[in-house]
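Features as listed in Swiss-Prot:
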- 41-61: transmembrane segment (TRANSMEM)
- H118: chlorophyll a ChlzD2 binding site (BINDING)
- 125-141: transmembrane segment (TRANSMEM)
- Q130, N143: pheophytin a binding site (BINDING)
- 153-166: transmembrane segment (TRANSMEM)
- H198: chlorophyll a PD2 binding site (BINDING)
- 208-228: transmembrane segment (TRANSMEM)
- H215, F262: plastoquinone binding site (BINDING)
- H215, H269: Fe cation binding site (BINDING)
- 279-295: transmembrane segment (TRANSMEM)
Amino acid sequence: MTIALGKFTKDEKDLFDIMDDWLRRDRFVFVGWSGLLLFPCAYFALGGWFTGTTFVTSWYTHGLASSYLEGCNFLTAAVSTPANSLAHSLLLLWGPEAQGDFTRWCQLGGLWTFVALHGAFALIGFMLRQFELARSVQLRPYNAIAFSGPIAVFVSVFLIYPLGQSGWFFAPSFGVAAIFRFILFFQGFHNWTLNPFHMMGVAGVLGAALLCAIHGATVENTLFEDGDGANTFRAFNPTQAEETYSMVTANRFWSQIFGVAFSNKRWLHFFMLFVPVTGLWMSALGVVGLALNLRAYDFVSQEIRAAEDPEFETFYTKNILLNEGIRAWMAAQDQPHENLIFPEEVLPRGNAL
């Protein structure tokens, strides 16, 4: 019995092969199979956001002006979430809420679900694009793995959190000031800054910034003089075979500064990948917990003592009172349909006031 080993070749190209050749052709902007998801979704998400911030009011959903047409600027314009009464409706243009009326669809907040869903798929398409290109040029897929961090944060904040609450209403609106207000909401209603997952996220993001600054400075400090150029960018040939900077010198420097240093480039760069991506994933997990109304750290003993002893107060008890004030003010403003009324005497006052 004879077994022939070799690559199977087809006599004719089928439709898939033709599509594959065209999509993955070497061109200025790579398209690829991932581009079939990325480019349309990114186009619709950005187009929806620009349309909403330019023309669409939030009067019917939040009682607010939110467009350039109404006098907002770049920092205050937003594509606002649908009203609380619409719960988790997808708000399809042809759905029972808008019934094909584009103006009514915009008034109800349909652009928010449109931008959120297309934005999520666009981000996923961008990650798949990195996978596809890495496979094409035989690279490892760590760029795509790193980009999973921002995707996890986006999906957890804009989709999973409101799904755990009563509706899309409680997700962030797509705007700068709107995101700031959402952060205040997270603090007031979830005590987010005292959540251990938030702490890990802050450590990851700020730690990554520190690592980038240290790494960039160290490389600049230990560059070899490979040429007589006037600055860093002209002093070496981009196609040179030898190293650009001295890892040995950098290792000796940081060993003297800290007593420890990275011994090789692989471990150094893996650590620079690990710190921010892990921080983003931890933040995303924390937001998933908030969707289920899981609580942050509670120091009840301090709260009880502050309630009993007029002279005892900590930064923690002051922050708890601040959170109560945020809830009292924001709930009445954000949820007028609940007819919430908080008399002056029930608003929180700290012992120091």
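Numbering starts at 1 and runs along the chain as displayed.
Just so it is clear, glycine is given a Cβ too, placed from its N, Cα and C backbone atoms.
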> In DSSP terms, helix, strand or coil for H269 (Fe cation binding site)?
Replying inline: helix
> Which residues of the same chain, at least 6 positions away in sequence, have a Cβ lying under 8 Å from the Cβ of H118 (chlorophyll a ChlzD2 binding site)?
Replying inline: C41, A42, F44, A45, G48
> Do you know offhand how many angstrom separate F262 (plastoquinone binding site) and H269 (Fe cation binding site) by C-alpha?
Replying inline: 10
> Which site among H198, H269 has the most other CB atoms no more than 10 Å from its CB, taking these as binding-site residues?
Replying inline: H198
>> To the nearest Å, how far is the Cα of N143 (pheophytin a binding site) from the Cα of H215 (plastoquinone binding site)?
In response: 18
>> I need to check the long-range neighbours of the transmembrane segment (41-61): which residues 6 or more away from its ends have a CB within less than 8 Å of a CB in the stretch?
In response: 67-70, 72, 77-83, 106-109, 111-112, 114-115, 118-119, 121-122, 125-126, 169, 173-175
>> Give me the long-range Cβ neighbours of H215 (plastoquinone binding site): same chain, 6+ apart, Cβ under 8 Å, in sequence order.
In response: L268, M272
>> I need the CA-to-CA distance for the residue listed as 'chlorophyll a PD2 binding site' versus H269 (Fe cation binding site), whole Å please.
In response: 24
> Counting only residues 6+ away from its ends, which parts of the chain sit with a Cβ under 8 Å from the transmembrane segment (279-295)?
Replying inline: 148-150, 152-153, 155-157, 160-165, 186, 190-192, 195-198, 200-205, 207-208
>> I need to check the long-range neighbours of the transmembrane segment (153-166): which residues 6 or more away from its ends have a CB within less than 8 Å of a CB in the stretch?
In response: 81, 84, 87-88, 116, 119-120, 123, 172, 280, 283-285, 287-288, 290-293
>> Counting Cβ atoms within 10 Å of each candidate's own Cβ, which of the binding-site residues Q130, N143 comes out highest?
In response: Q130
> How many Å lie between the Cα of Q130 (pheophytin a binding site) and the Cα of H269 (Fe cation binding site)?
Replying inline: 19
